[in-house]
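Features as listed in Swiss-Prot:
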- Glu52: active site (ACT_SITE)
- Asp70: active site (ACT_SITE)
- Cys26-Cys141: disulfide bond (DISULFID)
- Cys47-Cys131: disulfide bond (DISULFID)
- Cys82-Cys98: disulfide bond (DISULFID)
- Cys94-Cys112: disulfide bond (DISULFID)
- 21-142: domain 'C-type lysozyme' (DOMAIN)
- Asn66: N-linked glycosylation site (CARBOHYD)
- 1-20: signal peptide (SIGNAL)
Amino acid sequence: MLKLTLTILAAVLLVTPAFGKVYTRCSLAREMHTLGVPKNQLARWTCIAEHESAYNTKAVGSMNSNGSRDYGIFQINNYYWCSPPSGAFSYNECKIKCADFLVDSIEPAVKCAQLVLRQQGWSAWSTWKYCDHTLPSIDDCF
């Protein structure tokens, strides 16, 4: 009986997903503001996070056509910006492991996302089309 119980417990632990921290629009805006992100960017960032990851820090995208994946709340691509767990080639412009985007703290993801923004602009995110004209208000968040 003990062996059966341990087997069932092990099976449950193996299939239970790690959910990470899931932010709300306002909790993300406040946290990013605390990390120094300009207030005039916060509505755009919350829109991108909503469409990229549903505000989930543990989000890992499905494989892209070039074999890369996107990681974390802002779905940062491992071919250009972070070192993938597989050890595959990456330009790793943010000088960070992709796994560092999958933690509860968004600070590493925010720093890298700000670099992506500086180098490529908002259009670096394919979901920007949902955030280009109508942005969610963050006025009620502060």
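Think of each number as a place in line: the chain as shown, counted from 1.
Placed from the backbone N, Cα and C atoms, the Cβ positions cover glycine too.
Taking the features listed in Swiss-Prot, we show where each one sits on the structure.
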{"residue": "Cys26", "record": "disulfide bond", "CB count, 10 Å": "15"}
{"residue": "Cys47", "record": "disulfide bond", "CB count, 10 Å": "22"}
{"residue": "Glu52", "record": "active site", "CB count, 10 Å": "23"}
{"residue": "Asn66", "record": "N-linked glycosylation site", "CB count, 10 Å": "7"}
{"residue": "Asp70", "record": "active site", "CB count, 10 Å": "24"}
{"residue": "Cys82", "record": "disulfide bond", "CB count, 10 Å": "28"}
{"residue": "Cys94", "record": "disulfide bond", "CB count, 10 Å": "23"}
{"residue": "Cys98", "record": "disulfide bond", "CB count, 10 Å": "26"}
{"residue": "Cys131", "record": "disulfide bond", "CB count, 10 Å": "21"}
{"residue": "Cys141", "record": "disulfide bond", "CB count, 10 Å": "18"}
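Of all the recorded positions given, namely Glu52, Cys94, Cys98, those whose Cα is no farther than the 10 Å limit from the Cα of Asp70 (active site) are Glu52, Cys98. Taking the domain 'C-type lysozyme' (21-142) as a whole, pLDDT averages 96 in the prediction. Here the C-alpha separation of the residue listed as 'N-linked glycosylation site' and Cys47 (disulfide bond) works out to 26 Å.
For Cys112 (disulfide bond), the same-chain residues that are 6 or more apart in sequence and have a Cβ closer than 8 Å to its Cβ are Phe74, Ile76, Trp81, Cys82, Cys94, Ile96, Phe101. If you compare Cα positions, Cys141 (disulfide bond) sits closest to Cys47 out of the recorded positions Cys47, Glu52, Cys98, Cys131. The secondary structure of Cys82 (disulfide bond), as reduced to three states from DSSP, is coil rather than helix or strand. Put simply, Cys26 (disulfide bond) is 25 Å from Cys98 (disulfide bond) when counted between their Cα atoms. Mapped onto three states, the DSSP output places Asp70 (active site) in strand.
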